[in-house]
Each structure stands twice: as C-alpha cells, then as structure tokens.
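TrEMBL has this to say about the protein:
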DOMAIN    A:15-78  domain 'MrpA C-terminal/MbhD'
DOMAIN    A:103-175  domain 'MrpA C-terminal/MbhE'
DOMAIN    A:192-297  domain 'Na+/H+ antiporter MnhB subunit-related protein'
TRANSMEM  A:29-47  transmembrane segment
TRANSMEM  A:54-75  transmembrane segment
TRANSMEM  A:192-212  transmembrane segment
TRANSMEM  A:218-235  transmembrane segment
TRANSMEM  A:247-272  transmembrane segment
TRANSMEM  A:284-304  transmembrane segment
Amino acid sequence: MTVLLAFDLLLAASIVGLAAATLLMRDAFAMIVAFIVFGMLMALGWARLVAPDVALAEVAIGAGLSGALLLRTLAHLRGGSLSAQGGASVSAPANGATQGVNALLAGLATCALGLAYLGAPQNVPGLEAHVADAMPESGVTHPVTAVLLNFRAYDTLMEVVVLLAAVIVVWQVERGLAETPAPALGTVYQGFARVALPVAVIAGGYLLWIGAEAPGGAFQAGAVLGAVAVLGLLSRHVRPAPAHRPLARGAFVVGTAVFALVALGVAGAGRVAFEYPPAQAKTLILLIEAMVTISIAATLAALFHGRAPVAVSREETDR
Amino acid sequence: MSPVLAVILTVLLASLLGGLWRVIRGPSDSDRMLSAQLLGTAAVAMTVVLARLQDMPALLDVALVLALLAAVTLVAYVALSESRGR
C-alpha cells in the first residue's frame, strides 16, 4: 500500500501546486485551462476519498461546463472571439485597493473555515447513523439522494432558486454582448456530434434515473444535458430567438415550481412540508428530480448564451 | 492485483503531471487546450483504475461523464476562436 500512499501524496501535492500556479498566472486563457485541469485533479481526489457523488458533480460542473462558460466570458471580454486582439485588454493592471479588499475577504473566509473546523466536535460519529436509520422512509436507497431530496429538501429547493435568480439577472442585464458568432465547425465536429450528442442525452437520463440508488441525480444530469445544449448553441443548431422566450421561461421555472408545489401538496395533506408519504416518496423524488434536471439544463444553457434571446439581423444570421 | 493497479495509477498521475507543464508554460493557447484534453484522457483512465482498485462501480459513471464533457471545452475553444473574420 506504500505505492498508494505515494500516489495520494503526489495527488494532494499536485492539487495544491496547481491551485497556486493557477493563481500566479498572468494570462487569463492559461488560468482557465489550468482551472479545468484543476477540476479533474479535484475529481480524482474526491474519488480517492470515496466520495463518488462529489467526484461526479466535480467532473460534470467543474471540468465540463465551467470551462465552457469561462471561455465564453473571456471571448466576450476580448471582443467576441478568443483569438481577437482588438478588444479591451483583459489583464488590466491590478488595483491595490481591490487586491487589499480581496485579500481581506479571502482571509476572513479562511479564518471562518478554520474556526468552523476547530469548533466542530471531534471524534464523534457524524449523522450517518441517523441517515441510515431513516433510509427506509426516504423512498430511495442511495443515502446522498435521500439527504438532498428528502431529509434536507428545503436546502435543495433554495439551491434551485439560486439558479433561477441567476438566470433572471442575466436576462435583465443587457451587457452589449455580441450574438454567438457563427463558428466554422467542420466535418470533424459533425462526426463528433453524431456520436457524442446521443450518448450524452442517454447519459443524462441515466444519471437522473440511477440517482435513486447510486451516485447521480438532478444536478449531474442537468449539467450533462446542459452541455448538449451548449454544443447546440456553439454549432448554431440552436439559435435563440424571441419566440423561444416563453418556452425558456417555462423551463427555468418548472423545477422550482414543481418542487414547491409538491411541498405545498404534502403540507396540505396534513404533514410537514417535504415529509413525503413513504409509499409515494420515490415517485415524488423522481418527479422533482426530472423537473429540476430540465430547469438546470435550460438555465446552464441560458447562462452560456449570456443574454435574453433577441431578434438578429438577416446578415448576422447568414454569417 | 491491487499493487499492480496502484503502480499503474501512479504512472498515470506522473504522465498527467508531465502534461501539466504544457498547460502552464504554453506557449500558445492551442498547446494549453490540447494538453488539457490529453490530461482529461489520463484522468478518465485513472478514474477507471480507481473504480477497480476501490471496488466502486459508481466511479465508472464519473469516467463516462468526464469523457463526454471534456470535449465540450475543446469545441467551445475552437468555435469561439475561429469565428472572427469569416
């Protein structure tokens, strides 16, 4: 097992080293790529810590979609294209006051984490025993899903609301972003898309369904389906138009709405909100997760697009 | 079996760290992006080995999602770089 110990030490050292290297880089593009690789290393770390749920979320969101979102943002900052040099300089000279405030806030967050760690009771069993006791009432067999969608469903509802709030803000603010430029995605991409897109759709549905008994669930499935939508946007197979707004709004809201309606319905039936009747718990959880998956996928795609769909002029469409 | 797997895992991590040099030094954007894709392949392989080593089939799903989504950033890079001036 000494080899495995060496592996763990090497992995831990490279995670910390890459984090430091990412912060010290001057080039924004290099930072983004390093951050993507950092996500992969983190996922391997979570896998070694026997936390496959976190590893799955990390690869889906950290290594997958965050990279695409960050690249898109950088392209906007550089005036519409990653390679264009005419846009505003991204690496503006760092302002001393801003750096000071950032350092202060980061320091406070670190202190708070340290205090929370030191203040936590040491060497006592966690909540695993309580979760294990309550599993038969949860309707699912995977403890993480039972916690997220049943025991602490209120927190999860609030997480879905956060995504909804994010997309509302993005749609409100007109930042003068250029329409998605027409990419020159040729035959190589077409071949990739023909294989990858159907597999990704199936994988998304699979992750949603498997969430009841194994790592998976709405957030991971939503991220995979959101990636499908991002590929559609990039290749302009999907062109957001004003006519899509009502459909998109419905997709953004459906997860939060169904989640809240289920809670209200359960509360109306003489129980505490989110205290699902054990017989219907699995159905309700899968219903909520399916709707939340739609919302997450639509929201991530809309965040990638970066603005409310607007009418585009004829020549821009034909470009 | 597991000592062999642990050695494979360590060699894969070493190859990933070797590729990291290109991510950090560049010099060009394409060098960085392509080495990140290469590292993604190494990470998929390591996840598969870990699934076997730790007897956790759930990690195979992690490898599947990583393999599927790693290419999305590459497509985003190509699409967002090439669009101007065409």
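Using the three backbone atoms N, Cα and C, a Cβ is placed for every residue, glycine included.
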- Note on the structure: Spatial neighbours of the transmembrane segment (A:218-235) not adjacent in sequence (6+ beyond its ends, CB under 8 Å) are 56-57, 60-61, 64-65, 68, 180, 183, 185, 189, 193, 196-197, 200-201, 203-205, 207-208, 211, 255, 288-290, 292-301, 304-305
- Query: So what pLDDT does the domain 'Na+/H+ antiporter MnhB subunit-related protein' (A:192-297) average out to?
  - Reply: 83
- Item | the domain 'MrpA C-terminal/MbhD' (A:15-78): DSSP-derived helix, strand, coil residue counts | 57 helix, 0 strand, 7 coil
- Stretch of maximal Cβ-Cβ contact with the transmembrane segment (A:284-304) [cut-off: under 8 Å; candidates A:29-47, A:54-75, A:192-212, A:247-272]: A:247-272
- Counts of helix, strand and coil residues, the domain 'Na+/H+ antiporter MnhB subunit-related protein' (A:192-297), according to DSSP: 80 helix, 0 strand, 26 coil
- Residues from the same chain, set at least six apart from the ends of the transmembrane segment (A:247-272), whose C-beta lies under 8 A from its own: 153-154, 156-157, 160-161, 164, 167-168, 218, 240, 284, 287-288, 291-299, 302, 309
- Near the transmembrane segment (A:29-47), which residues from the same chain, at least 6 beyond its ends, have a CB less than 8 A from one of its CBs? 11-12, 14-15, 18-19, 21-22, 54-55, 58-59, 62-63, 66-67, 70-71, 74, 82
- Item | Positions whose Cβ lies under 8 angstroms from the transmembrane segment (A:54-75), at least six residues beyond its ends | 28-29, 32-33, 35-36, 38-40, 42-44, 46-47, 81-82, 90, 207, 215-216, 219-220, 223-224, 226-227, 230, 300, 303-304, 306
- Task: Sort the residues of the domain 'MrpA C-terminal/MbhE' (A:103-175) into helix, strand and coil with DSSP and give the three counts.
- Result: 57 helix, 0 strand, 16 coil
